[in-house]
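Database features (Swiss-Prot):
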type: SIGNAL; residues: 1-29; note: signal peptide
type: TOPO_DOM; residues: 30-153; note: topological domain 'Extracellular'
type: DOMAIN; residues: 30-143; note: domain 'Ig-like V-type'
type: DISULFID; residues: Cys50-Cys127; note: disulfide bond
type: CARBOHYD; residues: Asn122; note: N-linked glycosylation site
type: TRANSMEM; residues: 154-179; note: transmembrane segment
type: MOD_RES; residues: Ser210; note: phosphoserine
type: COMPBIAS; residues: 224-248; note: compositional bias 'Basic and acidic residues'
type: MOD_RES; residues: Ser226; note: phosphoserine
type: MOD_RES; residues: Ser228; note: phosphoserine
type: MOD_RES; residues: Ser233; note: phosphoserine
type: MOD_RES; residues: Ser237; note: phosphoserine
type: MOD_RES; residues: Ser243; note: phosphoserine
Amino acid sequence: MAPGAPSSSPSPILAALLFSSLVLSPTLAIVVYTDREVYGAVGSQVTLHCSFWSSEWVSDDISFTWRYQPEGGRDAISIFHYAKGQPYIDEVGTFKERIQWVGDPSWKDGSIVIHNLDYSDNGTFTCDVKNPPDIVGKTSQVTLYVFEKVPTRYGVVLGAVIGGILGVVLLLLLLFYLIRYCWLRRQAALQRRLSAMEKGKFHKSSKDSSKRGRQTPVLYAMLDHSRSTKAASEKKSKGLGESRKDKK
């Protein structure tokens, strides 16, 4: 390379941008969600929920596909398809007259309802969603169990027991704090009453002391007055006696 010729190596900034576009920003795959298990009674209906997350806006070409694999079977068959805004029920299988579309693509919902359940409906249902250009992702499966009478699941019973215990504990705590509040309030009222009584006694004793203080000079004055009156009376009597002696 001649001196002063421009370098042909890529710019470090361009290389970093290329690396980030290829490695740090991979295409996000669509994610599909369903229940893990659902239960239904013979002759009733059950809703198979299906929703999804996509990095793209909901496309007009969005599609939902439901497949069914019987219990113990190996092959899955298509039983429902939604595309171009229209639901299509496959004519193959026993669900063709029992499936109802209840989904709403604008809310990313592809749910269906199966009516008139039978024991033969036990199996696995698979929901597949395509939201072009986001078409890469995994499907989601839900297993249907049909019983003559839907049993109470262990999780529901356990949750009810735990909820009951927590309710009792909260009730006991509430009762404890209520009793404690009433006791403290009563103690405060009693304390205020005692304080008022003490203040009343203090004021009464103060009034009595001041009253006695005011009465003491009066008593002394009355005593001095009686003494002086008595002395004057004695002096007068003595003078009268002396005058009588002089006359004699």
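The backbone N, Cα and C atoms fix where each Cβ goes, and this holds for glycine too.
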Checklist outcome for this item: Cβ density check for the residue listed as 'N-linked glycosylation site', other Cβ within 10 Å (all protein chains) comes to 16
Checklist entry - For Asn122 (N-linked glycosylation site) and Cys50 (disulfide bond), what Cα-Cα distance in Å is obtained after rounding to a whole number? => result 18
Next on the checklist: Need the DSSP three-state call for Cys127 (disulfide bond) to compare against my parser.
Outcome noted: strand
Checklist entry - How many of the residues that make up the topological domain 'Extracellular' (30-153) does DSSP mark as helix, as strand and as coil? => result 6 helix, 64 strand, 54 coil
Item to check | Neighbouring C-beta atoms (10 Å sphere around the C-beta of Ser228 (phosphoserine)) | outcome: 10
Checklist outcome for this item: Whole-number Å distance separating the Cα atoms of Cys50 (disulfide bond) and Ser228 (phosphoserine) is 121
Checklist entry - For Ser228 (phosphoserine) and Cys127 (disulfide bond), what Cα-Cα distance in Å is obtained after rounding to a whole number? => result 127
Item to check | Spatial neighbours of Cys127 (disulfide bond) that are distant in sequence (at least 6 apart) but have CB under 8 A | outcome: Val32, Thr34, Leu48, Cys50, Phe64, Thr65, Trp66, Gly110, Thr139, Ser140, Gln141, Val142
Checklist entry - Over the topological domain 'Extracellular' (30-153), what is the model's average pLDDT? => result 92
Item to check | Three-state secondary structure, which DSSP defines for Ser228 (phosphoserine) | outcome: helix
Checklist entry - Across all chains shown, how many C-beta atoms besides its own are within 10 angstroms of the C-beta of Cys50 (disulfide bond)? => result 26
